[in-house]
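Novice: First the structure, then my questions, so here it is.
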Amino acid sequence: MGSTLAGWMQALALVGALALCYRPLGDYIAKLLTTSKHLRVERGIYKVIGVDGDADQRWSVYLRSVLAFSAVSVLFLYGLIRLQGYLLLNLGVPQMEGHQAWNTAISFVANTNWQSYAGESAMGHLAQMAGLAVQNFVSAAVGIAVVAALIRGFTRNRTDRVGNFWVDLVRINIRLLLPLSIVFALVLAASGVIQNFHGFTEVTTLSGEVQKIPGGPVASQEVIKLLGTNGGGFFNANSAHPFENPTGFSNLVEIFLILVIPFALPRAFGRMVGDNRQGYAILAVMGLFWVASTALLTWAEASHQGSALQAAGAAMEGKEQRFGIAASTLFASSTTLTSTGAVNSFHDSYTPFGGGLTVFNMMLGEIAPGGVGSGLYGMLVLAIVAVFVAGLMVGRTPEYLGKKLGGREMKFASLYILTTPTLVLVGTGVAMALPGERAGMLNSGAHGFSEVLYAFTSAANNNGSAFGGITVNTDWYDTALGLAMIFGRLLPIVFVLALAGSLAQQQPVPATPGTLPTHKPLFVGLLSGVILIVVGLTYFPALALGPLAEGLS
Amino acid sequence: MSKPLPAIVRTHFTALRVLLVLTVILGVAYPLLVTGISQVAFSDKANGSIVKSDGKEVGSSLLGQNYNLPKKNPDDKEEVALPDPKWFQPRPAANGYAGDNSGASNLGPNSEDLRKNVDDRRKAVAAFDGVDPASVPADALTASGSGLDPHISVAYAKEQVKRVAETRKLSQDTVAKLVEKYTEGRSLGFLGQEGVNVVLLNKALDAPK
């Protein structure tokens, strides 16, 4: 079979598998977010933590719970990393510096998984599984909980209650993430991903050298790293490492895991608002961007532009033989269009346009389909903006799903949209103005600028992948990127929950012939256009200085 | 009676209790369960697909290795180890196939350093294998993502058959058959890309006849 045909079949198999999961998984998520029944194990947990599982919270209490949980998580993880030398299974790794531990703690709590450390030399097994992997679960659950609160804002009327954060958090972990993780961890282990508690095993190779073979509970962490759109690799090489991703089959399973929940959430949304067509419209926009971006990225890599890649004859620098181009680009577009940031090939060595596209994917705000929960709430905020734009055109008060979008709602939506670009552009600008930080670039010229732009885009959008050449384990980068990650995560959540509270209080307005239907192709086109214009106007100058300058020179 | 704690403080205590409960379930019980099942059901793979030769562990079939001649002075960090002609050679790796230091070069598509590496490798590989420089395939000229890639392309393996056969005084046919045997196709016929597993191929070459 030729590689082009195989590449197409691979993409089709992925789309087919996701399509099969859309309805059952989406319905299942909608049910677990709306049912009033508790499982016995959940009742036990509520008892231990002292929470009334039937009491709903106001949006401000819901937000306070999210923030408190994040704060406690950062402190706990920071402590665990700093103290791992005194705990079990530490493999004798050296003490991590304060600024790096702070950066890492924030990174995993913020669902970013930006890593300024190398997994195999900086983390023991206990810190990985009881620290980092736990945040991989719970930060994903926080994202889904927040979008659940937003959807309840649409479905509930004249109330100040948007759900109970603790109940959402526990249910999403126990009913959704944990069962899927157990099943797929075993699938990955069966295909060669390691799962043990060994340290390094030294072997003498056939040519007489010594090689250290790493160990660790990798399969259990690999699954939730992808399923929760986290992305933090057990090893430095992330999903390019053969112990994390050994075959073409494990590779497709991993891409599937990245996309399956984000693509099923529009169904849960449609279900919860009582109109599945609303879910299909959102899905269509997500799918459109995903397909276009994947196709363009594959084309860019296959054309191997760039003087060094031309000399080599193919864009195989930073890519694995067992994946080749198509399986690498499928992973790369999926990881940057969600908030995952895991990589099976290294984006810094991608072609100028291919690498630029991975940055652009993140700049879209990671909404196609986006991180678990965060992708959908990002898309719904943009849908609100699209409805508002349409309302301006015809001079009507805009409404979405029966709720009026007044000044208060639009303020929260606008603040949401302004947050990440501000962090990205200010952060990049300051780094470029400081000679010491500019020196962190590995490559020179426009590509070096792209490394810095990529770093702040990745941090503020909670992606976590990198143009890895840049040296970021410095006081300044650890601090600056840590701030970008935590503000890039929590400020949007503040605005989304405020929006949810404001929507839930409203009395619904009946649809009239003048209401813009938000389930038709017209709306899909309108929303796509709004996304492109908002992102294009915001980031074009930065992209022109980096990837576009390099690609056109 | 003492005053109840303010709500903001109580919320943090609730958060801490939730985190501890979830850490026990998701951070301890879950990985132990998966480890237990994997160690019983597929212990070979869960332990790293270790390859043995004469009963001794010599590597993992998933992790590539160096196949170099011994250095003249093993303590000299500057000395570049030369490839050993009797082995199939793997792809270039950013960190010399160190199992505790995976990673890529991260050199950009227009990088002068990468350009020079590619040109130097093309010359060296062509001379080593006795072929036309233009025919050397891309995977022999570029560093992998993991730095531990166990595979090379079929083209690169075929290019090395003559050299390996001559060094080992084997017929080219015998060596070519081994290459074919250790060529791993795409998973399920269409996932990923085919490649030749250098670790297994070299081990088979070394096996007593």
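Quick reminder: no glycine exception, Cβ is built from N, Cα and C everywhere.
Quick caveat, the model's predicted, so the values are computed rather than measured.
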Novice: Pick from A:249-268, A:449-468: which stretch is listed in TrEMBL under transmembrane segment?
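Specialist: Checking TrEMBL against the ranges A:249-268, A:449-468, the transmembrane segment one is A:249-268.
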Novice: Any idea which of A:100-118, A:176-194 is down as transmembrane segment in TrEMBL?
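Specialist: Of A:100-118, A:176-194, TrEMBL gives transmembrane segment for A:176-194.
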Novice: For the transmembrane segment (A:480-501), which partner among A:61-81, A:280-300, A:376-394, A:522-544 gives the most CB pairs under 8 Å?
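Specialist: Most contacts with the transmembrane segment (A:480-501): A:61-81.
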Novice: Between the stretches A:61-81, A:176-194, A:376-394, A:415-434, A:522-544, which wins on the count of C-beta pairs under 8 angstroms to the transmembrane segment (A:280-300)?
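Specialist: Comparing A:61-81, A:176-194, A:376-394, A:415-434, A:522-544 against the transmembrane segment (A:280-300), the winner is A:522-544.
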Novice: Let me check one thing: do the transmembrane segment (A:249-268) and the transmembrane segment (A:522-544) come into contact, meaning three or more Cβ pairs under 8 Å with sequence separation of at least 6?
Specialist: no
Novice: Short question: which residues 6 or more past the ends of the transmembrane segment (A:522-544) have a Cβ under 8 Å from it?
Specialist: 281, 284-285, 288-289, 356, 359-360, 363-365, 367, 382-383, 385-386, 389-390, 417, 421, 424-425, 428, 453, 516
Novice: Where else in the chain does the transmembrane segment (A:137-155) make close Cβ contacts, counting only residues six or more beyond its ends and a cut-off under 8 Å?
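Specialist: For the transmembrane segment (A:137-155), the far contacts come to 29, 33, 59, 62, 66, 69-70, 73, 108-111, 162-163, 165, 168-169, 172-173, 176-178, 181, 224, 227-230, 261, 265, 268-269, 272-274, 371-374, 376-377, 380, 400-403, 493, 496-497, 499-504.
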